[in-house]
Amino acid sequence: MVFRKPPDGGWGWVIVIVSFFTQFLCYGSPLAVGVLYLEWLDAFGEGKGKTAWVGSLANGIGLLASPVCSICVSSFGARPVAIFSGFMVAGGLMMSSFAPNIYFLYVSYGMVVGLGCGLLYTATVTITCQYFDKRRGLALGLISTGSSVGLFIYAALQRELIELYGLDGCLLIVGALSLNILACGSLMRPLESPSSPPPEKTSIDVVPDQYFVYHEKEKTVEENISILEKGYIDEKCVNNVPDCKQDSILNKNVLSSVNVNEKDTYKKKVVEQTNFCKQLAKRKWQLYLTYWKDTMVLFKNKVFSALFVAILLFDIGGFPPSLLMEDVARSANISEDDYYMPLISIIGIMTTVGKLVLGILADFKWVNTLYLYVTTLIMTGVALFAIPFAKSYLTLAMLSGILGFLTGNWSIFPYVTTKTVGIEKLTHAYGILMFFAGLGNSLGPPIVGWFYDWTQEYDTAFYFSGFCVLLGGFLLLLAALPCWNACTNRSSKLPPNTYSYKVASNA
């Protein structure tokens, strides 16, 4: 497919608007699932750890399936994937209203809605990157705030809908709202040249056509021979019966010789096809080997290895507050009169502010993005340690705002990855890191919930979460210290296409 030069405007701003609303509609309920989490605890009577799996799957499975999502968007385009995913998100939410048990929610809400959100995220980012080049950072920053605004609004909206229509009615209405994704997806017009010639077929596509044509030719030859044979024999049989028998025997011999030649040709074609399949399998195997070699080269970079551990531990410890903070407030016996705004809404709006502020700071030349990211990790760990000491709505609201702001470090994570591995290996490295980020998102809330089930209080759980985030932050800080570069330069050269901390700070 041939694409035009990104216009950096025009219809691209329509793409930004619809992508913003797409992320708003699809991520609003999964990110604000903490409101539903309380209702599911009361409805099914399961443990907190088991119930937390629903929200963690909805938020983590999209990252875990990011390679599959990328393949789908590359194969079918952003618009068809967005429309199909809109049906998935809306259908999963509506199916969840009829859930008879928590295991049904694992599939309907956790997997179906989660995979739909992952597909929509990939589609919106891909179509936005196609329309923008110079203003790509601004466009991506605008659409990324859609999920945070959705968290802010959906937290209060779902709470109000539950009071008016109950849990089932809330899920049905939210699912109906998600159908607006179909309208947004229909406006994601692909940026391709209308006068571009059709792409040439690759060797993989040509081979089946060749064999298809070959079989058609073979069928045509046999039909023509049989027709000619029949007409010739009929004519001879009318005139002379002995000649008829003789010609019939002769034509049978000719037909058998033709069939032998066709069989030989068919065998040759089979051999060619077999050799082609062997070469294709060999080429694919070489690609797999190259992929794993490149992966090993990435992990030889100390900063990347520490970044991999840090993002995994950060999502294990840093994600649970957005899911469990409402239950923390209820466990602290905070009265409804003091409850001015859902804590999840505070996290959502401050996440939006954090993304914008941290993104702006990352653009300053005097700011080292890696140090900035490490600072957000350490501050997040300290805030998690402070949650057990918060016994009022005001203190929990302040901690929710701090945690929401620091969670906005997702906006600078691509910067950190680029400065660590280089632009050439960004796609490979970012895919690996996002996979393990999704794994952390999926494991974090259930682990915290299991801690509560064992101890009947959240103190130990958030101490564990804070320890995980602090450990990841300090490991990344130690790996990034300049003294490691001196030791590395004395012993051996860095792997190709990687950057040390010193290079990253000046890049």
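A Cβ is built for glycine as well, from the same backbone N, Cα and C atoms used for every other residue.
All annotation found in TrEMBL is predicted automatically rather than curated by experts.
Residues or ranges marked as domain 'Major facilitator superfamily (MFS) profile' by TrEMBL: 15-484. Over the domain 'Major facilitator superfamily (MFS) profile' (15-484) the predicted model carries a mean pLDDT of 79.
The feature transmembrane segment is assigned by TrEMBL to 12-40 (among others).
Here TrEMBL flags 52-73 (among others) as transmembrane segment. When Cβ-Cβ distances below 8 Å are used as the criterion, the transmembrane segment (52-73) is approached by residues 30-31, 33-34, 36-37, 40, 81, 102, 105-106, 109-111, 113-115, 117-119, 121-123, 126, 319-320, 323-324, 431, 434-435, 437-446, 448-449 of the same chain, each at least six residues removed from its ends.
The transmembrane segment feature in TrEMBL is assigned to 80-98 (among others). Beyond the ends of the transmembrane segment (80-98), by six or more residues, the same chain brings 22, 25-26, 29, 72-73, 104-105, 108-109, 111-113, 115-117, 119-120, 122-124, 167-172, 174-176, 178-179, 181-182, 184-186, 188 to within a C-beta distance below 8 angstroms of the stretch.
Remote same-chain partners of the transmembrane segment (104-125), defined as residues 6 or more beyond its termini with a Cβ less than 8 Å from a stretch Cβ, comprise 19, 22-23, 26-27, 29-30, 33, 40, 53-63, 65-66, 69-70, 72-73, 78-79, 81-82, 84-86, 88-89, 91-93, 95-96, 140, 143, 181, 185, 188. The transmembrane segment annotation in TrEMBL covers 104-125 (among others).
Per TrEMBL, the feature transmembrane segment maps to 137-156 (among others). Sequence-distant contacts of the transmembrane segment (137-156), counting only residues of its own chain at least 6 positions beyond either end whose CB sits under 8 Å from a CB of the stretch, comprise 12, 16, 19-29, 31-32, 34-35, 124-125, 128-129, 131, 174, 322, 341-342, 344-345, 347-349, 351-352, 355-356, 359, 408, 410-411.
Residues 21-22, 25-26, 28-29, 35-36, 39-40, 43, 82-83, 85-87, 89-94, 96-98, 120, 154 of the same chain, all 6+ positions outside the transmembrane segment (162-183), place their C-beta atoms under 8 angstroms from a C-beta of that stretch. The transmembrane segment annotation in TrEMBL covers 162-183 (among others).
For 303-319 (among others), the entry in TrEMBL reads transmembrane segment. Sequence-remote contacts of a segment are chain residues at least 6 beyond its ends whose Cβ falls under 8 Å from one of its Cβ atoms, and for the transmembrane segment (303-319) they are 56, 59, 370, 377, 380-381, 384, 403, 406-407, 413, 416-417, 420-421, 429, 432-433, 436-441, 443-445, 447, 464-469, 471-473, 475-476, 478-480, 498, 500-501, 504.
The transmembrane segment feature in TrEMBL is assigned to 339-358 (among others). A Cβ distance under 8 Å defines the sequence-distant neighbours of the transmembrane segment (339-358), meaning residues of its chain 6+ beyond its ends; these are 31-32, 34-35, 141, 144-145, 148-153, 155-156, 159, 321-322, 325-326, 328-329, 372, 376, 393, 396-397, 400-412.
Per TrEMBL, the feature transmembrane segment maps to 370-390 (among others).
Note on the transmembrane segment (396-417): residues 141, 144, 148, 307, 311, 318, 321-322, 325, 328-329, 332, 334, 341, 343-344, 346-359, 361-362, 369-370, 372-373, 376-377, 379-380, 383-384, 386-387, 390, 426, 429-430, 433 of its chain, located 6 or more positions outside it, place their CB under 8 angstroms from a CB of the stretch. Annotated transmembrane segment per TrEMBL: 396-417 (among others), in sequence order.
Marked as transmembrane segment by TrEMBL: 429-452 (among others).
Residues annotated as transmembrane segment in TrEMBL: 464-484 (among others).
When the stretches 12-40, 370-390, 429-452 are ranked by Cβ pairs under 8 Å to the transmembrane segment (464-484), first place goes to 370-390. For the transmembrane segment (429-452), the residues of the chain that approach it from at least six positions outside its boundaries are 47-53, 55-57, 59-67, 70, 295, 298, 304, 307-308, 311-320, 323-324, 413-414, 417, 420-421, 458, 460-462, 464-465, judged by C-beta separation under 8 angstroms.
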